[in-house]
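Colleague: Residues or ranges marked as domain 'Tetrapyrrole methylase' by TrEMBL: 1-239. For Leu9, Asp84, Gly87, Ser112, Ile113, Leu163, Val225, His250, the entry in TrEMBL reads S-adenosyl-L-methionine binding site.
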Amino acid sequence: MLYMIGLGLGDAKDITVKGLEVLRRCSRVYLEAYTSVLTVGKEVLEEFYGRKLILADREEVEQEANNILKDADISDVAFLVVGDPFGATTHSDLILRATKLGIPYRVIHNASIMNAVGCCGLQLYRFGETVSVVFWTDTWRPESFFDKVKKNRQNGVHTLCLLDIKVKEQSLENLIKGRKIYEPPRYMSVNQAAQQLLEIVQNQRIRGEEPAVTEETLCVGLARVGAEDQKIAAGTLQQMCTVDLGGPLHSLIITGGSLHPLEMEMLSLFSIPENSSESQSIDGL
């Protein structure tokens, strides 16, 4: 059987008891290593789980899934995912591949950023469609996702922005020349996302459009949700450009305009002090 096991958001101990029991009896254990990361590394996970882990990068999961599924019809294979197994469409594809091969599967769920964002006080049922914010390059600066933000704002619902992760990426030159040389990992910060969003707002104004978001739109920055050093900051989009939330992983919420009184009261716990530097670190604990 193929077991898809969610690891939660914090560290090695966030795995469920059920997930740990299953993992320890599997013949092979893969760790998906490109859609998200925990606050601890592979070695810490191996020590706590008592098993050796096989790192599965994007290329292996998307192009060589048969290697992961090999012999899963006669033995148990575990595929570990940070957060919940269905937090990325890639994992649905792996299940479909297993089903076509006649391999049964079982999913062991865990917390993901999709529900843990409620820690800031915004009510989960008031969220609209989630968007991804990718790193811009000199030649690729997509703005299409902003249409979804606009639609969410028009409907009065919040937008969760998942920020880009670049792990085991090749430069264009190395890719063209077929060299297996990879760039250092990069994780988008709330600051970088906010700066790109503000540039989109300016571009819309230049085109004569009325932007659905402005510099004063209330946003929430989150970092390392679920970890002991989790941080949350609530302030304007402009403030999100400079607030210091520390290391990855970061997420950004663009509020939907009108807030429920309970949401406003909760967000006040994380407000960036008006009389402090915008680069000040904001504790959300």
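Yeah, the Cβs are placed from backbone N, Cα and C, and that goes for glycine too.
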Colleague: Between 0 and 100, where does the mean pLDDT of the domain 'Tetrapyrrole methylase' (1-239) sit?
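Modeller: Mean pLDDT for the domain 'Tetrapyrrole methylase' (1-239): 90.
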Colleague: In sequence order, which residues at least six apart in the same chain have a CB under 8 Å from the CB of Leu163 (S-adenosyl-L-methionine binding site)?
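Modeller: Counting only residues 6 or more apart in sequence, the Cβ neighbours of Leu163 (S-adenosyl-L-methionine binding site) under 8 Å are Ser132, Val133, Tyr187, Met188, Ser189, Val190, Gln192, Ala193, Leu249, His250, Ser251, Leu252.
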Colleague: Can you check which residues sit near Ile113 (S-adenosyl-L-methionine binding site), meaning Cβ under 8 Å from its Cβ, same chain, 6 or more apart in sequence, and list them in order?
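Modeller: Listed in sequence order: Leu9, Ser36, Gly83, Gly87, Leu160, Leu162, Val225, Ser251.
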Colleague: Within a 10 Å radius of its Cβ, which of these binding-site residues (Asp84, Gly87, Ser112, Val225, His250) has the fewest neighbouring Cβ atoms?
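Modeller: If we count Cβ atoms within 10 Å for the binding-site residues Asp84, Gly87, Ser112, Val225, His250, the smallest count is at Gly87.
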Colleague: So for Leu9 (S-adenosyl-L-methionine binding site), how many other CB atoms are inside 10 Å of its CB?
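Modeller: The answer is 23 other Cβ atoms.
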Colleague: Between the two most separated Cα atoms in Leu9, Asp84, Gly87, Ser112, Ile113, Leu163, Val225, His250, the residues recorded as binding S-adenosyl-L-methionine, what distance in Å do you get?
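Modeller: For the residues that bind S-adenosyl-L-methionine, the greatest Cα distance is 17 Å.
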